[in-house]
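Remarks on the structure that follows.
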């Protein structure tokens, strides 16, 4: 049974849909370029492997998230009664956790690859990082799968307990019970945020300290080094991600605060940022990667030429 759709709900679904599809196009571009390069070279470096998996996770996360928001806003009664909720939430959580931890792997990779420390353990990681990356990515996927499986079991038990309410047609009690279950869901999301956020912060601090030491050494020896440019490019990428990640973490924390207002402007802004984050950050990664940037510029120049010819 379809509920009354207000103009606020329709606007929310429309904006979320535009952000989701824009982000899907951006990440689909990353996937296509890297897959074509993979077919041509029959190999990918560690950075490209991380970007490829990150693009796939974000593409499907945005796709599932848009379906989730559409059903929860437009068809809330069907969403809470049928087994749609547990499937969508568990799949969404899987891709979201994968997105967070793979993004953290990218920051850790930049830190280990570019930072200069004489610590034995750090030097060992620097030499073995290309072999460690596939295991890091596999561990991220398996950990995300374990988290999403536990989430599925939590929602499944909650829906079994609420089965009597659904038989009586008391949808308001079902929704109240499911909102209680969402606390555990948010706790699982919070675990993924905190662990990945901690890795990003440590990577940024280590890379910043390495940049400061390297710059000081260059000034002392009065010499130029190309490593400075690599440090600066990596710092721009990590700091941009750290700033967006921090705002994303704050906005996500706001979703944990229960709101009795159905049409809350603050939650509207939170949803806009949360759905825009995967696409915007992927766009930043495109412009920070020479291969992706040059490919995008060639495509845009060809499109511009065709438009001018018309």
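The backbone N, Cα and C atoms fix where each Cβ goes, glycine too.
Copied over from TrEMBL, here are the features:
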TRANSMEM  12-39  transmembrane segment
TRANSMEM  51-75  transmembrane segment
TRANSMEM  87-112  transmembrane segment
TRANSMEM  132-155  transmembrane segment
TRANSMEM  183-212  transmembrane segment
TRANSMEM  233-254  transmembrane segment
TRANSMEM  266-288  transmembrane segment
Leading stretch by Cβ pairs under 8 Å, where the reference is the transmembrane segment (266-288) and the options are 12-39, 87-112, 233-254: 12-39
Stretch among 12-39, 87-112, 233-254 sharing the most Cβ pairs under 8 Å with the transmembrane segment (51-75): 12-39
